[in-house]
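First up is the structure itself, then whatever we jot down about it.
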Amino acid sequence: MNLRKNIVLIGMPGSGKTTIAKAISRLYGLELYDTDEYIEKKEGKIISDIFKNGEKHFRKLETEAVKDISSKDAVVISTGGGVIKSPYNMELLKRNGLIVFINRSVEDIIKDVDTANRPLLNKSKDNLHKLYNERYKLYKEYSDYEVINDKNLKVVIDKISDIIRENL
């Protein structure tokens, strides 16, 4: 496959980015990078422990991860849900990437996601709605494409496959 850009998935925590990224990576034989996993590996700690040093500290590490990963070619990148809070991160990702917003309803996220290791989700349902409302316009602003994840993984993968084919 002669993909010219990275496939970058953005969206809320629990939207399915990592699961979808793994499926796309396997399907097309592309290398996969998950920014949260990258940070965990580099720091030797899980995200919830890193957050104990404050969100600002985590966002700094996230920017370092984005710098490293976004310079690669023709890879799949699953980002942390808050990556869109930094215009600089998004500029780096967009420079060599097709940005796909994985949009999943807050209700589905609440039903399906274990929030134990997700520091920004484990507070309350109201917090999740607030987070979604704060971030939605940024996801829309930065994305080149939007794919609705209504729990049918095959449909989501097919839509992203169409996006990939359009950009070969």
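In case you wondered, yes, glycine gets a Cβ from its N, Cα and C as well.
Secondary structure from DSSP puts G14 (ATP binding site) in coil. Sequence annotations record features per position, and here TrEMBL assigns ATP binding site to G14, S15, G16, K17, T18, T19, R118.
Cβ neighbours of T18 (ATP binding site) (same chain, under 8 Å, six or more residues apart in sequence): D34, D36, S78. Annotation comment: TrEMBL describes T18 as Mg(2+) binding site.
As annotated by TrEMBL, substrate binding site applies to D36, R59, G81, R135. Under the DSSP three-state reduction, D36 (substrate binding site) is assigned to helix.
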G14 (ATP binding site) and R59 (substrate binding site), distance between Cα atoms, whole Å:
18
Sequence gap of 6 or more, C-beta under 8 Å: which same-chain residues meet both conditions with respect to T19 (ATP binding site)?
L153
Determine, from DSSP, whether G81 (substrate binding site) sits in helix, strand or coil.
coil
